[in-house]
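Trainee: This is the structure I have questions about; it appears just below.
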Amino acid sequence: MGKLLGIEGVNKTYQSGLSSFQALTDIKLDINRGEIVVILGPSGSGKSTLINAIGGIDRVDSGTIHVDSEDIVSLNDNQLVHYRREKVGFVFQMYNLIPNLTVYENIELAANISKSPLTIDELIDAVGLTGMANRFPRELSGGQQQRVSIARAIVRKPELLLCDEPTGALDSKISKEILKLIQQINDKYNTTVLIITHNEAISAMADRVIALKDGKIESNTINKQPIEPEGIEW
Amino acid sequence: MVVTLWKKLFRTIKEKKAQYLAAWVLIVISSALFYSFTAAGTNLVDNLDTFYQTNHVEDANFVVQDPLKKTDKLEEQFDLQLERRLSVDVPMKEDTIVRLLNETHSIDTYSVIEGRKLQSDQDILIDQGFAKAHDISIGDQLDLSGEQFVVKGTMAIPDYIYPLRITSGFLKNPSAFGVAIVQGDVLKNMPNTHSYYSVRFNQDNKETFKHLLNENNHVLQWIGKQDNNRITFIQGDIAAVKKMGESLPIGILLITLVIILILLWRLMKKEYVQIGTLYAIGYKKSEIVRHYLTYAALLALSGSIVGTLLGWLLMHPLISVFSAYYNLPVLTTNPHAGYLLISLLLPLVFFVPLTYILVRRVLRIPPVILMKGGRIKTKVNKVERIFKLRNLKFAKKFILRDIFRNLPRIGFLSIGVMFATLLLLMGFITKDSMTYLVHDNFTEVYHYKYEYTFNQLQTEPPQSGQPASSIPSAIETKEGDQSLVLTGLEPDNSAIQLKDMDGNRLKFDSVIINKSLADKLDIAEGDKIEVTSQLSNKTFPIRIDHIANSYLGDMIYMPLEQLNQLNDYPKDSYMALYSDKELAIPKEKLASKSLTDNMVTGFEQIIQPLNYGIIAIALVAAIIAVIIIYILISLLIEENSYKISLMKVIGYNERTIQKLMIGYNVWFVILGFFIAIPITLVSISAFLNSITAEMNITIPVKIDWVNIAISFFVILAAYYVTLLLNKRLLKKVSMHEAINKSTE
């Protein structure tokens with residue numbers, strides 16, 4: 001299990017008028033290939049900023065972020081697009097599906113820009129949406145929409161799956177199903193998974209738990225005995 | 001663009017079909033108008049040019065005191081074509097005159113529109129407008145002045161393309177006047193035949209030719225092609241068709257462009273999260289730009305294709321109506337590739353660059369911000385800060401805030417309404433201006449029924465009627481020669497009555513210029529000008545004493561005595577008589593006799609189709625107004641759906657919400673309407689001046705306040721129709737929206 005992600009001395013400040021806000025301060029972090037990492041922290045702790053920087057949709061002020069030995073901080077916009085296409089899959093709290101595309105088409109949207117995507121029909125079955133390929137997001141429950149979002153994220157077989165509060169809008173039963181699905185993907189494709197959440201319970205399923213507070217890493221602990229999502233006490 | 005994004009595009013358009021369809025309809029209208037008017041105009045110009053060329057239109061026609069001898073020698077000497085013309089006005093029935101013209105061979109030759117050429121003395125060809133007005137068909141027999149003729153068809157001749165009885169007239173009346181061609185020898189044997197000459201110059205030697213004519217003879221009348229309304233009116237009208245085709249659709253396209261930009265801006269704002277997600281998934285900026293550009297490109301291209309096709313279909317009846325109105329044979333109809341291409345591509349050229357700028361602007365927002373739904377505006381704008389709204393009552397405060405925060409949208413609403421009003425008023429102003437010109441101006445100025453023009457100068461005092469003489473003249477200007485008619489009248493003449501700009505009656509013991517000519521020459525009272533007679537080439541100075549409020553023709557009036565003196569005519573001589581009653585003048589002494597009544601009846605006939613045209617224009621204007629207001633108000637509801645939902649939750653009823661959120665727009669609709677009035681007057685004035693530049697006429701811009709009131713109600717009705725259309729949209733805003741948003 002080699003290192004996939006190496007973060008060194010990352011800083012990020014947001015300017016808003018005359019005031020500024022230090023979102024990340026001197027972040028240093030290594031993540032191994034195939035790990036499930038849970039980044040914990042309250043609102044404003046910098047966890048979304050960190051995951052956006054890792055995903056190449058936000059830039060940092062200083063420091064390096066190496067993914068597979070490539071420093072994505074030094075990449076230009078076009079190279080970042082290429083990086084996101086090849087290596088990253090995003091899962092969002094509010095699913096961010098295109099409302100007027102069907103389940104199949106939402107996944108196809110990501111598959112279209114991949115050289116060798118997974119088979120969409122198989123993926124729909126794999127995420128538990130058999131028979132729902134032609135439904136529109138409004139015809140699905142929150143949990144089902146999140147399954148589509150996950151399928152869209154992994155159809156390009158990304159090395160990194162970045163999940164921003166993936167269960168934030170779901171009840172505990174559905175949340176466990178979603179987490180189970182994420183774990184299955186991790187198992188099946190050896191995808192490195194980063195989950196950001198403010199729900200401490202989720203950290204029980206992680207290989208590594210990173211706690212963020214006020215933009216700084218408070219703790220970085222290895223979970224020696226991660227449990228199955230079904231066993232998480234909410 | 002990837003296939004899946006195409007599906008998204010079509011479904012988005014389908015979801016907002018009313019808004020996109022409305023914008024699309026505007027593109028179709030503008031392309032259809034552009035192509036039909038410009039292609040029809042160009043085809044008419046081509047046909048007119050070909051007709052003038054192949055049928056050898058004259059450069060001038062003239063009357064001389066004694067018939068010309070050895071015309072072939074003159075042709076050789078001056079390198080010109082000269083042809084003797086014969087004409088006789090024959091009454092067909094009461095108040096209906098047919099002018100019989102002899103068949104010509106080298107100048108103003110005729111073209112058969114329907115039927116066959118003349119073959120015998122009994123054959124006659126008539127102009128198609130006259131044939132239609134009197135229900136004359138091929139094979140009919142006509143008894144004219146005791147001679148029996150058989151109608152062999154309809155024809156067109158270049159010098160009667162617009163069949164006016166007199167060359168300075170401006171309204172044809174096919175019910176009362178028409179022209180017909182018969183073989184030359186027929187007219188020689190008919191009584192009262194009038195003779196004149198048509199000439200075509202190959203060199204610039206008009207003046208020397210005229211000089212020679214005056215040496216041994218006397219040129220009594222000279223009418224250049226440019227002063228002959230029978231020849232020039234069609235050019236002005238075609239120019240109007242083309243100008244209308246070039247300007248009106250551009251206006252509609254500009255309005256549509258703004259609408260589409262607003263629609264796309266709103267769409268992209270709504271899809272910030274989706275755009276951010278596409279970024280996150282790995283879509284390139286260029287792919288996203290292409291996707292949103294496709295909306296504009298698709299609307300532009302599909303609209304322009306359908307519009308151009310409609311334009312093509314519309315072009316043919318337009319040419320037919322025009323060519324039938326003027327006596328013009330349509331020889332060929334070409335698609336005119338240039339206009340076809342412009343019509344197809346113009347909306348695309350208009351929309352794509354600006355849409356590109358808009359999309360790029362949106363894509364400058366960082367993806368992280370996009371995924372959060374964009375930046376939240378926290379600053380209070382300057383205008384809002386200037387007005388202290390705190391002290392106002394809630395409703396006023398609410399409405400004023402909404403206005404201050406949406407100034408560009410409100411500005412566009414007013415501009416859109418202004419444009420629709422402009423279109424609407426254009427129709428009314430055209431009608432009102434024509435009505436003023438003919439009904440008010442004509443009947444105010446001309447107080448006689450009969451005008452008798454003699455074929456030579458008369459020196460005997462008239463037994464009845466008021467004597468006058470008219471001399472075609474010209475003034476040299478920087479832009480070239482300006483033609484005018486110099487008319488001499490007795491000081492106490494009452495057949496023509498002129499008033500100055502203040503409404504005071506003018507006497508003909510002074511030199512008076514009419515307003516249209518004064519405006520063209522930029523002349524004020526007291527100015528001195530040099531006038532050259534086109535009959536004798538003699539130049540003499542004239543001091544302008546008064547300007548008369550008259551727009552018919554380009555005229556200068558002066559005492560008859562002064563006119564005779566300046567032109568070396570015998571004292572007390574005259575060329576015409578004006579009279580209220582019919583005079584017993586021997587026909588052989590007359591060059592022409594005309595009735596002023598015919599002009600007014602002709603106007604009634606012309607104004608009738610114009611009324612239908614105005615209704616059509618009003619309908620298009622109302623549709624445009626409805627489309628613009630509908631789109632803006634539906635967008636307003638969409639944009640404020642959260643606010644509306646929240647108000648519903650709080651307990652506001654729909655009527656109050658409509659009053660607070662939409663009601664105030666009526667004031668901006670009214671504002672747009674009133675701004676449009678002066679703008680329309682100025683632009684119509686410029687438009688009419690440009691199209692009448694080649695015509696011997698000035699159309700003063702007038703508007704009847706009743707028509708302004710009608711336009712106002714049309715625009716207001718359009719606004720209330722859109723309110724009704726949007727009522728459903730307002731009703732559809734669910735209270736869940738506010739509740740869901742607050743729980744997210």
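The chain as shown is numbered from 1 upward.
Cβ atoms here come from the backbone N, Cα and C positions, even for glycine.
The following feature annotations were taken from TrEMBL:
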DOMAIN    B:249-367  domain 'ABC3 transporter permease C-terminal'
DOMAIN    B:616-726  domain 'ABC3 transporter permease C-terminal'
TRANSMEM  B:20-37  transmembrane segment
TRANSMEM  B:248-265  transmembrane segment
TRANSMEM  B:292-319  transmembrane segment
TRANSMEM  B:339-359  transmembrane segment
TRANSMEM  B:410-429  transmembrane segment
TRANSMEM  B:612-637  transmembrane segment
TRANSMEM  B:664-688  transmembrane segment
TRANSMEM  B:708-725  transmembrane segment
Trainee: Between the transmembrane segment (B:664-688) and the transmembrane segment (B:339-359), do 3 or more CB pairs sit under 8 angstroms, pairs being 6 or more residues apart?
Mentor: no
Trainee: Who are the long-range neighbours of the transmembrane segment (B:708-725) in its own chain, taking Cβ under 8 Å and residues 6 or more past its ends?
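Mentor: Residues 18, 417, 420-421, 424-425, 428, 618, 621-622, 625-626, 629-630, 633-634, 658, 662, 665-666, 669-670, 673, 677 contact the transmembrane segment (B:708-725) from elsewhere in the chain.
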Trainee: Can you tell me which parts of the same chain pack against the transmembrane segment (B:612-637), counting only residues 6+ beyond its ends and a CB-CB cutoff under 8 A?
Mentor: 18-19, 22-23, 25-26, 29, 252, 255, 259, 262-263, 266, 406, 409, 412-413, 416-417, 419-421, 423-424, 426-428, 430-431, 644, 661-662, 665, 669, 711, 714-715, 717-719, 721-723, 725-726, 729-730, 733
Trainee: Is the number of Cβ-Cβ pairs under 8 Å between the transmembrane segment (B:410-429) and the transmembrane segment (B:20-37) three or more, considering only pairs separated by 6 or more positions?
Mentor: no
Trainee: If I count Cβ-Cβ pairs under 8 A between the transmembrane segment (B:292-319) and each of B:20-37, B:248-265, B:664-688, which range comes out on top?
Mentor: B:20-37
Trainee: Counting by DSSP secondary structure, give me helix, strand and coil numbers for the domain 'ABC3 transporter permease C-terminal' (B:616-726).
Mentor: 91 helix, 0 strand, 20 coil
Trainee: In the same chain, which residue numbers or ranges, 6 or more beyond the ends of the transmembrane segment (B:20-37), come under 8 angstroms Cβ to Cβ?
Mentor: 13, 241-242, 244-246, 248-250, 252-253, 255-256, 259-260, 263, 299-300, 302-304, 306-308, 310-312, 314-315, 318, 339-340, 342-344, 346-347, 620, 623-624, 627, 630-631
